[in-house]
Amino acid sequence: MVLRRKWRGYTVVLGGVLIHLTLGTIYTFGNMTPYMTSYMKKHKVDESLNYAESTWISSIAAMGQGMSMFLGGILYRALGPKVSTLLGAWLASAGVALTYFTIKVSFYWTLFTYGFMFGIGVGIAYATPMGCAMKWLPDKKGLVNGCVVAGFGGGAFIFDQIQTAYINPGNHKTNFDENGEKYFQQDDILDRVPFCFLLLGGCYAAMQFVGVMLLRDPPEECHSLINSKESLNSAIDDEIKETTPMILKNENTGYNEDESEERNLTPRETLQQPEFYKLWFMYLFNGQGISFISSLYKAFGQTFIADDYFLAIVGSLAAVCNGAGRIMWGALADKFCFKTAMVFSTGLFSFFILSFELTSLAGKPLYLIWVCCLFLSFSGNFSLLPTATAKAFGKTHYGVNYGMVFTSSVISAPISALLTSKLKAIIHWYGMFYMVAFFSFVSMCLAWSFNVKNSKNADI
């Protein structure tokens, strides 16, 4: 019985990985930006469009994901794991597929389909696969979440290559320069752009259907082996907390049951804590660099690298660094503390973004290293801030408390897009790098001032 339950649990994990491989393609926007922007300029959908303005698409997607995370929990309780996940996943896939039509008509309709629809769908479908898998394998929550999060990171690793291989199989160079930005003008490349969205949407939907068919909550007879108090809200909590080693195993962390009893703040009490606002603003300032780099790393690389295949490989490797970095920063926080890990994360990002323009002098090797290091450094945001929230304010109301911190991302994304679209033409690439580095430096100062102690009077 137990062995059969575990094997069934592994198939649920596999289903979650398949689903998250498609949801993780939210990180392929940086690879698609040159193709999409070039298409809309060449075909007069929006002749004034540039790369900075295109970042609104990824920003709207990030906003949609942030706003719809808890909607997935409501649908899960009402409809069950299969239907609720499929609704969200297929909404995301529909948004991608419909971009076949909208990219031919209007930039704003493209914002709606490839930005808003896709982001809302990702948010709805995100947490349920983890919740199901953890119910089947409650003693392997770390392994479960590690596998599924790896799927989310692997999405860009796989689909960056598929996108470039389909759209630009001949590895043609950009052949049009406007205000220092390089664009494609070749019809044999641009004519494939709309069809690529149909291909991607179909692939995503098929993978999601297979993955959803593998999802299932444990039968009633297994519930005695599982914490009966689990709900999707706690699954969301666990998903965020347990992607990092310090939450995975209490015995290896400074966070223990005694501390949990000492520090369990309600949302109202949390809002009265100065440290909450430090975390909120860290998320806000870090988000500027995350949005900028994940959207425009390829556009910058095209200014001095005429190799589309290489740039796609860079994006794929950066996606791996993004996933691996979350584990690395969690381990550092486990060994030292949140403050130390966040100071190093933001400090390293500031250094690499300040010196990013130097890669244009050294070419491909240094550019590859710098992009990977940028993704590696900013990935700490996604493991350190959830952990700090749990340790600072307790686990009892963690879901709501972290949800309040996460609202920063809903504001951060449009601010980043607004600053980029309005300022890039004025201050150019190097000015944008300096501005983003400044934001990261401010976040580093906030992290340095973060002052929450555990029961041993040590930094959390």
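Each residue, glycine too, has its Cβ placed from N, Cα and C.
Per TrEMBL, the features are:
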TRANSMEM  12-36  transmembrane segment
TRANSMEM  56-76  transmembrane segment
TRANSMEM  83-101  transmembrane segment
TRANSMEM  107-130  transmembrane segment
TRANSMEM  142-159  transmembrane segment
TRANSMEM  192-215  transmembrane segment
TRANSMEM  279-297  transmembrane segment
TRANSMEM  309-329  transmembrane segment
TRANSMEM  336-355  transmembrane segment
TRANSMEM  367-388  transmembrane segment
TRANSMEM  400-420  transmembrane segment
TRANSMEM  426-450  transmembrane segment
Original post:
By a Cβ-Cβ criterion of under 8 Å, what residues six or more beyond either terminus of the transmembrane segment (400-420) are in contact with it?
Top reply: 52, 55-56, 58-60, 62-63, 66-67, 69-70, 237, 240, 265, 267, 270-271, 276, 279-281, 283-284, 286-288, 291-292, 295-296, 385-386, 389-390, 393-394, 432, 435
**OP:** Mark yes when the transmembrane segment (192-215) and the transmembrane segment (83-101) have three or more Cβ pairs under 8 Å (sequence separation 6 or more) and no when they do not.
**Re:** yes
Original post:
Thinking of Cβ pairs under 8 Å, which stretch from 56-76, 192-215, 279-297, 367-388 has the most of them with the transmembrane segment (309-329)?
Top reply: 367-388
Original post:
How about the transmembrane segment (192-215) and the transmembrane segment (12-36): do they have 3 or more C-beta pairs under 8 A, pairs 6 or more apart in sequence?
Top reply: yes
Subject >> Sequence-remote partners of the transmembrane segment (107-130) [C-beta within less than 8 Å, at least six residues beyond its ends] >> reply: 12, 15-16, 19-20, 23, 26, 36, 40, 45-46, 49, 53, 56-69, 71-73, 75-76, 81, 84-96, 98-99, 101, 144-145, 148, 197, 208, 211, 215, 232, 235-236, 238-239
Original post:
Is the count of Cβ pairs under 8 Å between the transmembrane segment (426-450) and the transmembrane segment (336-355), pairs 6 or more apart in sequence, 3 or more?
Top reply: yes
Subject >> Other parts of the chain folded back onto the transmembrane segment (56-76), taken as Cβ under 8 Å at six or more residues beyond its ends >> reply: 26, 29-30, 36, 83-85, 87-88, 110-111, 114-128, 131, 231-233, 236, 291, 294-295, 403, 406-407, 409-410, 412-414, 416-417, 421
Original post:
Who are the long-range neighbours of the transmembrane segment (367-388) in its own chain, taking Cβ under 8 Å and residues 6 or more past its ends?
Top reply: 240-241, 243-244, 246-247, 279, 282-283, 286-287, 289-290, 293-294, 297, 301, 305, 310, 313-315, 317-319, 321-330, 333, 338, 341-342, 345-346, 348-349, 352-353, 355-356, 359-360, 402, 405, 450, 452, 460
